[in-house]
Amino acid sequence: MGRRNNTNVPDFILTGLSDSEEVQMALFILFLLIYLITMLGNVGMILIIRLDLQLHTPMYFFLTHLSFIDLSYSTVITPKTLANLLTSNYISFMGCFAQMFFFVFLGAAECFLLSSMAYDRYVAICSPLRYPVIMSKRLCCALVTGPYVISFINSFVNVVWMSRLHFCDSNVVRHFFCDTSPILALSCMDTYDIEIMIHILAGSTLMVSLITISASYVSILSTILKINSTSGKQKALSTCASHLLGVTIFYGTMIFTYLKPRKSYSLGRDQVASVFYTIVIPMLNPLIYSLRNKEVKNALIRVMQRRQDSR
């Protein structure tokens, strides 16, 4: 962001999702409700895992960090979106790039964390007897720290390159938050090199994590098919079902939105996809990982019982 003097734009105007006051009020109520559910679900998931000793396992260690990322991810976007729906659509130059940095950082971190979770499921199903030895505390910490470090570097490089853009006198961002595609579309200079760099960073993040997840699930499926008992197969499948559903939803919207050239950016279509993965998915993840999970339900019951007994 050292070359801010290259632009005459002190701030940006976010066009939002609608010009209609009635629609804006309806969206405000809807997004506020979703955000409150997101906060409650993710904070609740973190607290249950922290308070119940039986959930102090690698699987739930990763799930704690997924909830933290989803909570942070939603907080980077939703509060500003809510404010824009009621008041001014302005966001400062620095505020815009700060939002972009944390958005890219947390999005990439979730990609790599989902890979770590897939590897955890692979070890649990393919090498159950060696699981406690392989998934040591040291390895678990590395599988969580790695995504944060790599994603920080990824996002930092992304924002440094984006800060080199010239915006001339145009400052209307045709989106409801500061994402890379609409900011690139706003620039009055040749963005080819920056687009290539962003596609390399985004593409490598998605491909590395997807290859890791795919390889893990191919091995998992191969192992499940070798299980003779029907109950054993169902138990193994149920262990992975929630994670696989979360991966499918998250990666589906990310690939649809980002792995395409700037010229194919569509305001309405891309905004719907963006609402889904920035506001809706952080709300869905706690539901996906808890509703079908008996361990989480039982842990919640135990925590509530202990609280009642302590009174």
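Glycine is no exception: its Cβ is also placed from the backbone N, Cα and C atoms.
Secondary structure at CYS96 (disulfide bond), as computed by DSSP, is helix. What Swiss-Prot lists as disulfide bond is CYS96-CYS188, and the listing cites sequence analysis.
Residues annotated as N-linked glycosylation site in Swiss-Prot, with sequence analysis given as evidence: ASN5.
Annotation comment: Swiss-Prot describes 1-25 (among others) as topological domain 'Extracellular'.
Positions annotated as topological domain 'Cytoplasmic' by Swiss-Prot: 47-54 (among others). Looking just at the topological domain 'Cytoplasmic' (47-54), the mean pLDDT is 91.
Nonlocal intrachain contacts for the topological domain 'Extracellular' (76-98), taken as residues 6+ away from its ends with a CB within less than 8 angstroms of a stretch CB, comprise 1, 4, 7, 9-17, 24-25, 27-28, 31-32, 34-35, 38, 106, 159, 162-163, 173, 176-178, 183, 278-279. The topological domain 'Extracellular' annotation in Swiss-Prot covers 76-98 (among others) and is backed by sequence analysis.
Outside the topological domain 'Cytoplasmic' (120-138), and at least 6 residues removed from its termini, the chain residues within Cβ reach (under 8 Å) are 58-59, 62, 216-217, 219-220, 223-224, 236, 239-240, 243. Here Swiss-Prot flags 120-138 (among others) as topological domain 'Cytoplasmic', drawing on sequence analysis.
If you look up Swiss-Prot, you'll see 160-196 (among others) marked as topological domain 'Extracellular', on the strength of sequence analysis.
Marked as topological domain 'Cytoplasmic' by Swiss-Prot on the basis of sequence analysis: 217-236 (among others). Same-chain residues lying 6 or more positions outside the topological domain 'Cytoplasmic' (217-236) and placing a CB less than 8 Å from one of its CB atoms are 118, 121-122, 125-126, 244.
Per Swiss-Prot, the feature topological domain 'Extracellular' maps to 258-270 (among others).
Annotated topological domain 'Cytoplasmic' per Swiss-Prot: 292-311 (among others), in sequence order, evidence recorded as sequence analysis. Within the chain carrying the topological domain 'Cytoplasmic' (292-311), a Cβ under 8 angstroms from the stretch's Cβ atoms is held by residues 45, 47-49, 51-52, 54-55, 238, 241-242, all 6 or more beyond its ends.
The transmembrane segment annotation in Swiss-Prot covers 26-46 (among others).
Sequence-distant contacts of the transmembrane segment (55-75), counting only residues of its own chain at least 6 positions beyond either end whose CB sits under 8 Å from a CB of the stretch, comprise 35, 38-39, 41-43, 45-46, 48-49, 102-103, 106-107, 109-110, 113-114, 116-117, 120-121, 124, 135, 140, 143-144, 278-279, 281-283, 285-286, 289, 295-296, 299. What Swiss-Prot records for 55-75 (among others) is transmembrane segment, and it gives sequence analysis as the kind of evidence.
Distant neighbours of the transmembrane segment (99-119): 59, 62-63, 65-66, 69-70, 72-73, 76-77, 80, 91, 143-144, 146-148, 150-152, 154-156, 158-159, 162, 177-180, 183, 205-206, 208-209, 212-213, 216-217, 243, 246-247, 250-251, 254, 278; these residues of the same chain sit at least 6 beyond its ends, with a Cβ under 8 Å from one of its Cβ atoms. Look at Swiss-Prot and you will find 99-119 (among others) tagged as transmembrane segment.
Annotation comment: Swiss-Prot describes 139-159 (among others) as transmembrane segment.
Within its own chain, the transmembrane segment (197-216) is flanked in space by residues 108, 111-112, 114-115, 118-119, 121-122, 151, 154, 157-158, 161-162, 180, 184, 247, 251, 254-255, 258-259, which lie at least six positions past its ends and keep a Cβ under 8 Å from the stretch. Sequence annotations record features per position, and here Swiss-Prot assigns transmembrane segment to 197-216 (among others) based on sequence analysis.
According to Swiss-Prot, the feature transmembrane segment maps to 237-257 (among others). Sequence-remote contacts of a segment are chain residues at least 6 beyond its ends whose Cβ falls under 8 Å from one of its Cβ atoms, and for the transmembrane segment (237-257) they are 107, 110-111, 114, 117-118, 121, 124-125, 181, 206, 210, 213, 217, 220, 224, 270, 273-274, 276-277, 281, 284-285, 288-289, 292-293.
Among residues of the same chain six or more beyond the transmembrane segment (26-46), those with a C-beta under 8 A of the stretch's C-beta atoms are 17-18, 63-64, 67-68, 70-71, 74, 78-79, 81-82, 85-86, 279-280, 282-283, 285-287, 289-290, 296. Residue counts for the topological domain 'Cytoplasmic' (120-138) by DSSP state, with H, G and I taken as helix and E and B as strand, are 16 helix, 0 strand, 3 coil. For CYS188 (disulfide bond), the number of other Cβ atoms no farther than 10 Å from its own Cβ, over all displayed protein chains, is 12. Around CYS96 (disulfide bond), the same-chain residues at least 6 positions away in sequence with a Cβ under 8 Å from its Cβ are ASP11, PHE12, VAL173, CYS178, ILE183. In the topological domain 'Cytoplasmic' (217-236), helix, strand and coil residues by DSSP number 16 helix, 0 strand, 4 coil. With DSSP classes pooled into helix, strand and coil, the tally for the topological domain 'Cytoplasmic' (292-311) is 16 helix, 0 strand, 4 coil.
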